[in-house]
Amino acid sequence: FASMISTFTLNSVLSVYHGNAWDLSSPGLINFGRFDSEKMGYTIQEIPIFIFMGVVGGILGALFNALNYWLTMFRIRYIHRPCLQVVEAMLVAAVTATVGFVMIYCSRDCQPIQGSSVAYPLQLFCADGEYNSMATAFFNTPEKSVVNLFHDPPGSYNPMTLGMFTLMYFFLACWTYGLTVSAGVFIPSLLIGAAWGRLFGISLSYLTKGSIWADPGKYALMGAAAQLVHCVLPWGCFTQSFPCREVMSTPVTCLRRIERVGTVVDILSDTSSNHNGFPVVESNPDTTQVAGLRGLILRSQLIVLLKHKVFVERANLSVVQRRLKLKDFRDAYPRFPPIQSIHVSQDERECMIDLSEFMNPSPYTVPQEASLPRVFKLFRALGLRHLVVVDNRNEVVGMVTRKDLARYRLGKEGLEELSLAQT
C-alpha cells in the first residue's frame, strides 16, 4: 500500500513537472531505460546460458555474504567505538578513491567521443577526442553506470576494463556495506552483475562471431538480475531434530502478577543481565505447584511504573493504584531512564505492585518441542524481540531472543554456536 501511494504521488508530481498533468506514466526516479525488443529477444537455446549465469550470480552472492559475515564479526569485536567507526568510514573512502584513480590511470581503454552515448565523457589520460571507459564506470553514479552497461553499443568497453572493475567494485562494495553510514547494497549489486554480465556477453559475442542475439547489453541485464540472487538462509535447512530448547535461554527471570517492589528493582538493577522482557506468572488456585504464564511485561514499562510509583502498601492491596495514561509511557519513549536514576526508599521496597493492568496478557509462545525453522519464521514475520517457551502445563521453561538466534548456525557437525562478542 505504501509503495502504491508513493508511486502515485511521484507520478502525479512528475506529470505536472513535465507538463502532462495527470498523465501518470512517468517512469520514476530510477529508470534503466527501454530495451530494443529485437536485441532483447531470446530463444530457447539461450535458456541454459541464463541458468548458468544464475548459478554464477548465486555463487558470487554467497561469497559476498560470507565475506561480509566475517567482516561484520571483525567489526563487532574491534570496531565498536564511535571514533573507530568514523576512522573506518574515512579509510574506506580514501581506499575507494585511491583504487579508482589508480585503475583509471593504469587503464588504456580509450573510446572515441564521436558517436558515443555518454552524456559527460571524461578524457583524463586519453587523447583528444577520446574518453576513458574506466573513468565513466567509476565516476558516474551507480544508477547511471548500470544504464550505460545496459545500453552502450558493443565495443564501448574493453574486457580487461570490465574484469578489473567487477573485481575491485565487488570487494569495495562488500567492505562498504555495514559501515555506520547510510549505504545500500541493491544498486551496487546491480552494477556488479551488469559489469560481469556484459563481460560474459562480450566473451559470448567473440565465440559466436558477433551474432546479433549475443548483445552485451542483454547479458548485462541478465547478470544484474543474477547478482541479486541471495543464498538461502541456513535456518531453512534445519529439521525437526533441532527443537527451540537447543537455543533458548534458561532459567528465565519471571515476575509474579503481584510482585514486591524491591524484587522488581533488584531484577532491573542486576548488571549480569539486560533482559528486555519478563514473563509474568501466577500459581493456579487449584494447584499451588505450577506457576503458569499469565503475560509479559517490558523493562521500559517497569521503569515507568517505578518512576511514577504505581504501587501500594502490603497491608492495603485493595487500595486502587495510581492510574497511568498512555501519555506517561509515550513521554518516556524512546530514551527511557535507567533504573539507577530512579530512587526507591526502603519503605517503598516493601510495597506491592500489580502488573495485571500493564502486562501483555497474550504474548507469543511456543512449546519447547517447536522446531527452529518455525521459531525463525515467527521472528521474521512478526518482528519479535523475544519469544516465551512453555511446557505442556503452560509453565515457562525458557526464552528465545534475537541474540539467541544470531548465536547459532548450521555447520558441518550440526548446530554450532558462534563466538560473538558481548556488546
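Just so it is clear, glycine is given a Cβ too, placed from its N, Cα and C backbone atoms.
Quick look at what TrEMBL annotates:
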TRANSMEM  47-71  transmembrane segment
TRANSMEM  83-105  transmembrane segment
TRANSMEM  160-178  transmembrane segment
TRANSMEM  185-207  transmembrane segment
DOMAIN    359-417  domain 'CBS'
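Tallying C-beta pairs under 8 angstroms between the transmembrane segment (185-207) and each of 47-71, 83-105, 160-178 places 160-178 first. Residue counts of the domain 'CBS' (359-417) by helix, strand and coil are 16 helix, 25 strand, 18 coil (DSSP-based).
Within the chain carrying the transmembrane segment (160-178), a Cβ under 8 angstroms from the stretch's Cβ atoms is held by residues 60, 64, 67-68, 71-72, 75, 92, 95-96, 99, 103, 107, 109, 133-134, 137-138, 184-185, 188-189, 191-192, 195-196, 198-199, 202, all 6 or more beyond its ends.
Residues 170-171, 173-175, 177-178, 189, 192-193, 196-197, 200, 204, 219, 222-223, 225-231 of the same chain, all 6+ positions outside the transmembrane segment (47-71), place their C-beta atoms under 8 angstroms from a C-beta of that stretch.
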